[in-house]
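According to TrEMBL, the active site, nucleophile annotation covers Cys398. Residues or ranges marked as active site by TrEMBL: Cys401. Per TrEMBL, FAD binding site is recorded for Arg195, Thr197, Trp208, Ser255, His258, Arg294. Residues or ranges marked as disulfide bond by TrEMBL: Cys94-Cys99, Cys138-Cys175, Cys398-Cys401. The annotation signal peptide is assigned in TrEMBL to 1-21.
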Amino acid sequence: MSMPFLLKSAVFVCLWSTTFGYFYSQSNGNDDKLCFCQLQGTIDDCACNVDTVDHFNNMKIYPRLNSLLASDYFRFYKANLKQSCPFWADDSRCAMKFCSVQSCDERDVPEGIKGFSLESPSFKYTKDAHEGGTIVDCGSDLNAELSYLNTSISDKAHQGFQLWADHDEAQDNFCILDDHQEGAEYVDLSLNPERYTGYKGDSAHRIWRSIYLENCFGSSKHKHSLSFIPYIPYTELSAGSGICMEERVFYRLISGLHSSINIHLCANYLLSEKKGFMSDSGVWGPNVEEFIRRFSPSETANEGPHWLKNLYFVYVVELRALAKAAPYLRNETYFTGQAQQDEELRNAIQDFLSVINTFPSHFNETTMFSGGVGSLKLKHDFREKFRNISKIMDCVGCDKCRLWGKLQVQGLGTALKILFSGKFDNATSLASDDKSEKLKLKRTEIVSLFNAFGRLSTSINRLEHFRKLMR
């Protein structure tokens, strides 16, 4: 990965520690602290406004989504948290106990989620074994009517075919999926909430520097005046600035994700550390001073409110992805092997997707990558840069931060796959065809998509809470 700006001037270091650091400092911006997070107006590169999203999320989406994500199907997430960093020496692991991930007992994971092979005794718990309302006797011939040709194909050959299919499918992915890798384990998200763990310093700064530097598109003729800073000033992101919409979208997605994560950290701050003592379980709660430090205009060279608006941008992008994939998602079984819970979850998903369909001003993805041959290269660059960001998650030194970083980047990557791979452009007609293989999302992608959107929804809800605390 190319990182050309890392050794720039001390001005970079100063601005970075002020706007992106994890260190606490008391704000002196009293004049703006009561109003800077009271956002208004249109969301950039969208046709909707902040007030519409606030009301829609807080009244309709947030309560429903919280209920969905508490279900077994969505709270068990499989990831490889042991992968080594591919870009630099992984020499800064967080040793604090709050950085660790609480392991999940394999027996707690519903059998229907694990995806056992046909030879496994637990195959009877999978949805395939239940199709048609009967349990397959795993000791009998699984398909007595197989043709001679099919029975002559070895298990090894079948595995090879699946590897080819998975490789072809991966070409449309905007992120690296690692749930199939050796070392991947299930994690109970409810036991490992996203919050400020105390992970900070050069290691944490280096992650975000690297992520923002992935926004350097080689085809761009535009170089903003503060090129040594890894964010683009808002004044240079307008439609007439020379930065194409695709690059603006890429930057706003990353900035919005960054803002969302910072809101989570401020809303669930390790207050016992701030007060100068540590307890075995930690004391957690909202930290208004830290929120002001990260987002107030006086602390961020007037960029903070624009970063908060980018949260709304990434929210409507993921909202649009859910709406576009709704015909496919309606047909998913959400199978865990627990019949009553599965039925309740399917009904709740139907209601949730119906509500999403009522949003009045969805993001219009058709305005992107529509410029002929050049747009194909731009889409390829866009996808590869985002895939690189998913690899950077393996460099996060805090295991719990790595877990939530992987999940949210993977969820956003799944949303981009839905919007731009072309496979979901006729989702309604394809979803009605049971034999169609064009629409395909792995369980890990569905779990990360819903949970990532849940994080954005929670951030917008917590933003309203901070507004009340600051009045």
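Cβ atoms are placed via backbone N, Cα and C, with glycine included.
Of Trp208, Ser255, Cys401, all annotated as recorded positions, the residue with the shortest Cα distance to Cys94 (disulfide bond) is Cys401. Non-local neighbourhood of Arg195 (FAD binding site): His264, Leu265, Ala267, Asn268, Tyr269, Leu270, Trp284, each in the same chain, at least six residues away, with C-beta under 8 Å from its C-beta. Each of the binding-site residues His258, Arg294 was ranked by the number of other C-beta atoms within 10 Å, and first place falls to Arg294.
For the recorded positions listed here (Cys99, Cys175, Cys398), the lowest count of other CB atoms within 10 A around the CB belongs to Cys99.
Across the structure, Trp208 (FAD binding site) and Cys398 (active site, nucleophile) are spaced 14 Å apart at their Cα atoms. A sphere of 10 angstroms centred on the C-beta of Cys94 (disulfide bond) encloses 22 other C-beta atoms. Nearest in space to Thr197 (FAD binding site), taking C-alpha to C-alpha distance over the recorded positions Cys99, Cys175, Cys398, Cys401, is Cys99. All protein chains considered, the CB of Ser255 (FAD binding site) has 25 other CB atoms within 10 Å.
The 10 Å shell around the Cβ of Trp208 (FAD binding site) contains 20 further Cβ atoms across the protein chains shown.
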